[in-house]
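Working notes, structure below.
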């Protein structure tokens, strides 16, 4: 029997307390279709979010700001092929949840969008790197991402690996040189992002995910599954939110409350992803549906069943909302709506 020893990793618990795309702005009708469910939920969310908050417009505005900044940060230059590969994935149409979380957290603690944009872009660069590498034949071996052929299918495995590597470098360079706040805040933000993606974060989640595939579910319990998802998925949403709070000048108490919020929605994001993987088509998801089932990977529906997985998602959403109590009622609306969006998204 194969067992996984997680004792070498720090415990992270959820607290209940080949055409190259040019830059294209996201048009309102594209997001309105995706966010229609969220808006209806937002309007009735226990009175916390009032229905006059236009979440669709907020997401469109922030996503376009991020896309413009990314397009400017990673221009097409020599060597052409590697920059084509980077831009192919980085500028592909995505929801931009992580950078928007970063901006929303910054604004919540009193910062400005312009201050948060470098950190938001750095997080999206890291996220894109993780997608490129995750899709490789030696990892998840996927052919479709964001409705398009995966990077290695277009540019080859060798260039795809290098594109991901370059994005890591770009992310830290951009965060270090473009963030207009005190050096102390920049250093703190760099440390948070580095910790999130290394062998105590994203890499840890990925390696345990790889080694647990095909194992009998009686040998691998929810503790292992939570470890994978907290480290592989939640950790980067946490980093995005915490970076926004740091560069925005948040207090230590505000940063930690937002950290707990982000851990909840980060795990929620993956629980919902697991549910969608078995309930939606590839066309609806923009990526290969049912791939976790085919690969015999651990998922929440596999271990808990579909209905209990949905109940767990509801609990995580409630816990996330709880962490935002005490913040300014107007400035907190985007984060509350983002949590609802993550819970109710359809792709």
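Glycine is no exception: its Cβ is also placed from the backbone N, Cα and C atoms.
Note that this is a predicted model, so its numbers are computed, not measured.
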Of 127, 133, 174, the one that Swiss-Prot places in the same isopentenyl diphosphate site as 95, 98, 146 is 127
Of 95, 98, 134, 140, 146, which binding-site residues come within 10 Å of residue 233 (dimethylallyl diphosphate binding site), going by C-alpha to C-alpha distance?
-> none
Using all protein chains shown, find which of the binding-site residues 95, 127, 145, 146, 232 scores highest when you count other CB atoms within 10 A of its CB.
-> 127
Cβ within 8 Å of the isopentenyl diphosphate site's Cβ centroid: which residues qualify beyond 95, 98, 127, 146?
-> 94, 96, 97, 124, 128, 131
Based on Cα distances to residue 232 (dimethylallyl diphosphate binding site), point out the closest of the binding-site residues 95, 98, 134, 146.
-> 134
If you count the other CB atoms within 10 A of the CB of residue 270 (dimethylallyl diphosphate binding site), including all protein chains displayed, you should get 24
